[in-house]
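Engineer: So TrEMBL says this about it:
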- 12, 13, 14, 15, 16, 17, 119, 154: ATP binding site (BINDING)
- 16: Mg(2+) binding site (BINDING)
- 34, 58, 80, 138: substrate binding site (BINDING)
Ligand SMILES: Nc1ncnc2c1ncn2[C@@H]1O[C@H](COP(=O)(O)OP(=O)(O)OP(=O)(O)O)[C@@H](O)[C@H]1O
Ligand SMILES: O=C(O)C1=C[C@@H](O)[C@@H](O)[C@H](O)C1
Ligand SMILES: [Mg+2]
């Protein structure tokens with residue numbers, strides 16, 4: 001059975017952290033789509049935005065989604081914007097991948113990203129307003145994309161375990 005699980009949600013909701021925990025729990029390989037893109041491009045996401053523009057990054061992101069959908073088994077952390085594009089969601093659905101939304105309230109996201117300079121879409125003077133507007137615009141898109149929503153305002157290990165149980169993933173490391 002195909003077992004590709006893609007974690008989605010706003011920047012800072014914990015996709016990378018929970019994704020790594022879920023990979024440890026299930027034994028499935030972990031892939032961070034942002035890191036995959038950085039390796040392909042040989043530069044950071046922040047540099048890509050600055051030097052090549054967002055459209056170039058989004059094209060590489062579509063490639064990353066396609067490559068991930070082709071895997072037999074994988075825990076993938078999507079970039080914060082990846083599943084706001086219907087085309088990427090359709091590619092994953094068609095391939096039988098499952099999409100999980102990590103739900104975290106905006107206040108907690110803001111706490112987690114305080115002082116962070118690595119996320120280009122938030123690297124601006126009106127960071128608070130930008131974050132709120134983007135969060136509110138994206139939440140309905142994430143909900144539409146997701147097969148399952150998990151309360152991710154809890155320790156990452158707990159969130160990972162709930163996802164594994166809900167999706168019926170193997171839990172070899174707990175036996
Ligand atoms: N469950 C959690 N509880 C508390 N803090 C967390 C939790 N998950 C992640 N964090 C912290 O929040 C910050 C953002 O987490 P992480 O990088 O995993 O988010 P992300 O969703 O991958 O973000 P991005 O979309 O930018 O890749 C990190 O400092 C991380 O340590
Ligand atoms: O929310 C977004 O659109 C982004 C989130 C990050 O994970 C990166 O993919 C990039 O900074 C864009
Ligand atoms: Mg991440």
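Each Cβ is built from the backbone N, Cα and C atoms, and glycine gets one as well.
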Engineer: Spatial neighbours of residue 34 (substrate binding site) among the binding-site residues 12, 13, 15, 119, defined as Cα within 10 A: which are they?
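Structural biologist: Within 10 Å of residue 34 (substrate binding site): none of them.
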Engineer: Quiz question: given the binding-site residues 12, 14, 80, which has the greatest number of C-beta atoms lying within 10 angstroms of its own C-beta?
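Structural biologist: The most densely surrounded of these binding-site residues is 14.
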Engineer: List the binding-site residues 16, 80, 138 whose Cβ sits under 6 Å from any atom of ligand 1, in sequence order.
Structural biologist: 16, 80
Engineer: Can you tell which of 15, 17, 138, 154 has the least company, meaning the fewest other C-beta atoms within 10 angstroms of its C-beta, among these binding-site residues?
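Structural biologist: Result for the binding-site residues 15, 17, 138, 154: minimum number of other Cβ atoms within 10 Å at 154.
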Engineer: Spatially, and counting Cα to Cα, which of the binding-site residues is closest to residue 15 (ATP binding site)? Options: 58, 80, 138.
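Structural biologist: When the Cα distances are compared, 80 comes out closest.
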Engineer: Please tell me which one of the binding-site residues listed here (12, 16, 119, 154) sits closest to residue 138 (substrate binding site), measuring Cα to Cα?
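Structural biologist: Result for residue 138 (substrate binding site): the nearest of the binding-site residues is 12.
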Engineer: Is any of 34, 119, 154 (binding-site residues) within Cβ reach of ligand 2, i.e. under 6 A, and which?
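Structural biologist: Result: 34, 119.
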Engineer: Under 6 Å from ligand 3 by Cβ, which binding-site residues from 16, 17, 119, 138, 154?
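Structural biologist: Checking each Cβ against ligand 3, the ones under 6 Å are 16.
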Engineer: Identify, in sequence order, the residues in the chain of residue 58 (substrate binding site) that are 6 or more apart from it along the sequence and have a CB within less than 8 Å of its CB; answer 'none' if there are none.
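Structural biologist: Correct list: 81, 85.
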Engineer: Quick one: Cα separation, residue 80 (substrate binding site) versus residue 12 (ATP binding site), in Å?
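Structural biologist: Each residue's Cα considered, residue 80 (substrate binding site) and residue 12 (ATP binding site) end up 8 Å apart.
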Engineer: Using a Cβ-Cβ cut-off under 8 angstroms and a sequence gap of six or more, which residues of the chain neighbour residue 119 (ATP binding site)?
Structural biologist: 11, 12, 46, 80, 113
Engineer: State the count of C-beta atoms found within 10 angstroms of the C-beta of residue 13 (ATP binding site), not counting that atom itself.
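Structural biologist: A count of 26.
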